[in-house]
Amino acid sequence: MVVGTKKYSNLDFVPTISDSEDDVPILDSSDDEKVEAKKTTKKRKGKNNKKKVSEGDNLDEDVHEDLDAGFKFDLDADDTTSNFQGWNFLAEGESNKDDAEAFVKKDVDLDKIIRRKGGLVKMAHIDSKQEEETEKEKVEKENDSDDEELAMDGFGMGAPMNNGDENQSEEEEEEEEEEEEEEEEEEEEQEEMTLEKGGKDDEIDEEDDSEEAKADFYAPETEGDEAKKQMYENFNSLSLSRPVLKGLASLGYVKPSPIQSATIPIALLGKDIIAGAVTGSGKTAAFMIPIIERLLYKPAKIASTRVIVLLPTRELAIQVADVGKQIARFVSGITFGLAVGGLNLRQQEQMLKSRPDIVIATPGRFIDHIRNSASFNVDSVEILVMDEADRMLEEGFQDELNEIMGLLPSNRQNLLFSATMNSKIKSLVSLSLKKPVRIMIDPPKKAATKLTQEFVRIRKRDHLKPALLFNLIRKLDPTGQKRIVVFVARKETAHRLRIIMGLLGMSVGELHGSLTQEQRLDSVNKFKNLEVPVLICTDLASRGLDIPKIEVVINYDMPKSYEIYLHRVGRTARAGREGRSVTFVGESSQDRSIVRAAIKSVEENKSLTQGKALGRNVDWVQIEETNKLVESMNDTIEDILVEEKEEKEILRAEMQLRKGENMLKHKKEIQARPRRTWFQSESDKKNSKVLGALSRNKKVTNSKKRKREEAKADGNGARSYRKTKTDRIADQERTFKKQKSTNSNKKKGFKSRR
């Protein structure tokens, strides 16, 4: 360029927008379009603008009339964070409340029935001595006697834990102690056994893989070790693109977590990964960030599905989809698809026709779309992600997983993530992994570092558990401002507890498989927004769900294994926050072994964690009073269940009527639709379920039992069961009789000799 005025010919700097307009050099090669644009804008401003320009001669030269005086450049735009309120649990088409209401099918309003019966009006009030204490005494009592630190034996081997137990008769205590002593030897052996795929045998099973087999299957251990040593101060040091960094900054992500620091660089190289870390450590972002970064360099004009993310539950799939959208919000051209059961099939088909870059799905609906949705195929898939991979590898998903592996291209990248990852080679062979890098950040089967684990010993008071739950929630959250998750074993229990709590004046939600998908999402969203502070759910919600600020997890029923326990309590104390879990412990050996495993984990990781394992004391006298109130409501509870069932039958009949009308009205259109197919016949499904049930119920024998069984098979007549108290008494009597007869025979022989 040639500068038109000599005044600017030798300048070492370029004049900026803040310099006086009179001093701006006139360039010979000026842009005519820009000049015309300037003129048109000046004309629009009219006479008032001319006055301002004339007055501008008297103003400071550094001030321009078209600029905001308070404007500043934000140099740290990538470090700004919005007030993130957690992930959205809304399916496609549910972006606002009106759409959601139109989308949700009509169903029975249980809260309305409970209100008609006198519930959900006022919190039940139970008189007790505890409520008469002053605030100071309450605090002292909570600090001094609510919690007792548990030793490795758990609950002090049957020592009384509270004043309520003193009223128990000595005879009952002696019987319980005798039972505990009888079970003690059995429990020691059961520590070496698997409790329905849980416990310590998983570690033993992993050792069954020989060193040569591991060397052939996995990448060299040095790769994983080096990855774990890498710690990055911020995401910029990971060499990520600016749009991805901007998306992370908008979520408040500042420093990569250990699992993210270890896995992101390796995932960007295209290598297979098997990764494990504690719950709430950022595993979803650990695989979503490298995926989005790699998709930035995809061919822009070719629409194809390149990434498949498989998850075990629908709610988790919806959450992961939202995580991906939030991270990629500033990345242009990346599309997401959701394929989960329970939601509108036609909407999903239309969305998958556009071949989104990333499809997040549950296995069953994913196979359904591959087989029956036009224009959707997986021929160009480059990355397969399995979140909660240990659950996906279990028997319930085995058939679907084998079908999916046969449909996907073999030359893909595989990323497997879980908090309780089982990296046994036998279970991973079917996934066609290529020298996967194994990255286990935390010790296996470890709870969150700031989790306080409390245990309440129920003994033989199972009938008091609903009253105990009510009293515990009221004590932990008297104002209803904390989020509390309650885990139960059965769907029926969750539903009944919701009715009981409602009649006692406590608003709670429920989440389990008997609800429709719309009801499930509605329950999660109400809980997230604190419309209901308590959510009673089955293990459906134990994995992956990341709802912010869940302060307490209550295990109303003990889980089947320690792994499931870890996933349950992992709903709280996430991402470095503090949390508390309270578990109701029965007298079964399975319950007590889980408690021992939890205490042992805390003891072994004392130097690495701030967590505690405590025994919680409760006022059983007050709980007895609450239970009397609950028992007085039994007839009302049954009436509510009957009324709800009747309303459901009416709604079902109306639905069948509408279905019949549609069949008549749109008969030709419905008959013209191609029949949907599945990879299994009905008989295959039944056989698969039977085989799965048999494999789950098969007991794993330890070395001692296996030797006894082998000896019995050889004809040595070894006992196949452990001696009971009755057997021991009978043995003692037989031994005594033998000794008596031997002594009498000796005396007779001595007399005959004489």
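For all residues, glycine too, the Cβ spot is worked out from N, Cα and C.
What Swiss-Prot says about this protein:
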type	residues	note
REGION	1-61	region 'Disordered'
COMPBIAS	19-34	compositional bias 'Acidic residues'
COMPBIAS	40-51	compositional bias 'Basic residues'
REGION	119-227	region 'Disordered'
COMPBIAS	124-142	compositional bias 'Basic and acidic residues'
COMPBIAS	167-193	compositional bias 'Acidic residues'
COMPBIAS	202-211	compositional bias 'Acidic residues'
MOTIF	233-261	motif 'Q motif'
DOMAIN	264-439	domain 'Helicase ATP-binding'
BINDING	ALA277, VAL278, THR279, GLY280, SER281, GLY282, LYS283, THR284	ATP binding site
REGION	675-754	region 'Disordered'
COMPBIAS	696-707	compositional bias 'Basic residues'
COMPBIAS	724-736	compositional bias 'Basic and acidic residues'
COMPBIAS	737-754	compositional bias 'Basic residues'
Self-check item: Summary of DSSP states over the compositional bias 'Basic and acidic residues' (724-736), given as helix, strand and coil counts
Solution: 12 helix, 0 strand, 1 coil
Quiz prompt | Neighbouring C-beta atoms (10 Å sphere around the C-beta of GLY280 (ATP binding site)) | solution = 21
Self-check item: Residues in the motif 'Q motif' (233-261) grouped by DSSP into helix, strand and remaining coil
Solution: 17 helix, 0 strand, 12 coil
Quiz item: Which residues of the same chain, at least 6 positions away in sequence, have a Cβ lying under 8 Å from the Cβ of GLY282 (ATP binding site)?
Solution: PRO256, SER257, ILE259, GLN260, ALA575
Quiz item: Under a three-state reduction of DSSP output, how is LYS283 (ATP binding site) classified: helix, strand, or coil?
Solution: helix
Quiz item: To test your reading of the ATP site: which residues beyond ALA277, VAL278, THR279, GLY280, SER281, GLY282, LYS283, THR284, same chain only, put their Cβ within 8 Å of the Cβ centroid of those residues?
Solution: SER257, ILE259, ALA286, ALA419, ARG574, ALA575
Practice problem: Using all protein chains in view, find how many other C-beta atoms are within 10 Å of the C-beta of ALA277 (ATP binding site). | Solution: 24
Quiz item: Pick from THR279, SER281, THR284: which of these binding-site residues has the biggest number of other Cβ atoms within 10 Å of its Cβ?
Solution: THR279
